[in-house]
Amino acid sequence: MEFSTQTTASLHQIKTAALAVGVFADGVLSAAAEVIDRASHGAVAAVVKSEFRGRTGGTLVLRSLAGVSAQRVVLVGLGKQAEYNARAHASAEQAFAAACVAAQVGEGVSTLAGVAIEGVPVRARARSAAIAAGAAAYHYDATFGKANRDARPRLKKIVQVVDRAASAQTQLGLREGAAIAHGMELTRTLGNLPGNVCTPAYLGNTAKKLAREFKSLKVEVLERKQVEALGMGSFLSVARGSEEPLRFIVLRHAGKPAKKDKAGPVVLVGKGITFDAGGISLKPAATMDEMKYDMCGAASVLGTFRALAELELPLDVVGLIAACENLPSGKANKPGDVVTSMSGQTIEILNTDAEGRLVLCDALTYAERFKPAAVIDIATLTGACVVALGNVNSGLFSKDDALADALLAASRQSLDPAWRLPLDDAYQDQLKSNFADIANIGGPPAGAVTAACFLSRFTKAYPWAHLDIAGTAWRGGKDKGATGRPVPLLMQYLLDQAG
């Protein structure tokens, strides 16, 4: 999608397929809605009084209003005026874009970013507007037959009407939001593709395609022999159960930071299990199809790299993706097996369905060579995190308060929420093994915490945080599909680090 700005005092003269104006739940019209109301001789106020309640995200389309050039005026609910905030604004922008999609129009004009929010600058409002619109306009049809693909017109452009003084900051925010939306689109599509299409090799080829598109990106894709030479015994043990060959993907964004005495790069590590049947510890059949989403950590790394490369962010960033399948076979891991990780630590595999940590631990050890300023791993790691936090907050684990605080601040600003969970040393006792340095599970209690504790054993050399996105990377049910999270959180963190 494209986003741009327009400055005008004559909203009623704008020629567009759809014009969005905000209405609060208490019947108060936004400044833009008042302009359209006057031009239409009170038509907006009359509708608001009789049938439009202005609830957050609600819409009502008015066609061919007298005195207004727009083909459609879309009334968008902003909720209660006293409670209007950044999240309500994002919901309104997404609702407008969804209304445009439903009306099959290719472009629209929004006045919503111009509605002031205390403590939220126009740049941030514009950024969230673009992200929200991109989410509403997303459409998946990659695996439909030609006859069943949706051929309706796509929403391609939204223009934000702003004051002249706010135009530059709005344009900057829209540019940032558009890049994040494009990254989320890639992340969602990779997640939604089936496991027989989105294989480890497919992820590697996607990374190479990004490097061809963006000059700031360099990509190296390692295969089995190279991974064996590195001594990644834990990662290899998971991959051994599948006929699909593994890939270890290394992405580098050379951002040319302004600081000469710069710290090392930020490293993003993504879990890339392109299908997880659980291995010998086989998962139940019900909803196993959703285990194609077990690579959403890897997908979010690729989506984030697409966004930061589009923005040419002045920050050095490295991405690491350990990609393979976790399937049962005669060569698969067995409960009780002991494997040696790249770090030299031995691991007793008590449950082969706790495989994400087995591939991540070697990637986290590999990250040491970059002398990173910070390492953040992203993984659909535990069902226990879903039990704890549901589908709203991603789980955040870190012993580094500064890194955790920066990520939490980014989560709030990006409207991509995370919640910090404990990482106390006392939980490490659950991972004791009689036969190896560490067990790969710690029993039912505090499953998300002990999974993070396991990973922490491989992160002593740098500041580290773990994002468990098992509850937030995709939705189930009738709206089943990948969400694109936590690309907004990660990009906001990187934007903050770049200054």
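Numbers here mean position along the shown chain, with the first residue as 1.
Note that Cβ sites are derived from N, Cα and C of the backbone, with glycine treated the same way.
A quick note: this is a predicted structure, and the numbers were derived from the prediction, not measured.
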Further binder of Mn(2+) 1 named by Swiss-Prot next to Asp353, Glu355, taken from the candidates Asp276, Asp437, Asp468, Asp479: Asp276
Candidates Asp289, Asp294, Asp362, the one Swiss-Prot lists with Lys271, Asp276, Glu355 as binding Mn(2+) 2: Asp294
From recorded positions Lys271, Asp276, Lys283, Asp294, the one whose Cα lies nearest Arg357 (active site): Lys271
Candidate with sparsest Cβ neighbourhood (10 Å radius) among Lys271, Lys283, Arg357, the listed recorded positions: Lys283
Integer Cα-Cα distance in angstrom, Asp276 (Mn(2+) 2 binding site) to Asp353 (Mn(2+) 1 binding site): 8
Alpha-carbon distance [Lys283 (active site); Asp353 (Mn(2+) 1 binding site)] in Å: 8
Lowest local Cβ density among Asp294, Asp353, which the record lists as binding-site residues, within 10 Å: Asp353
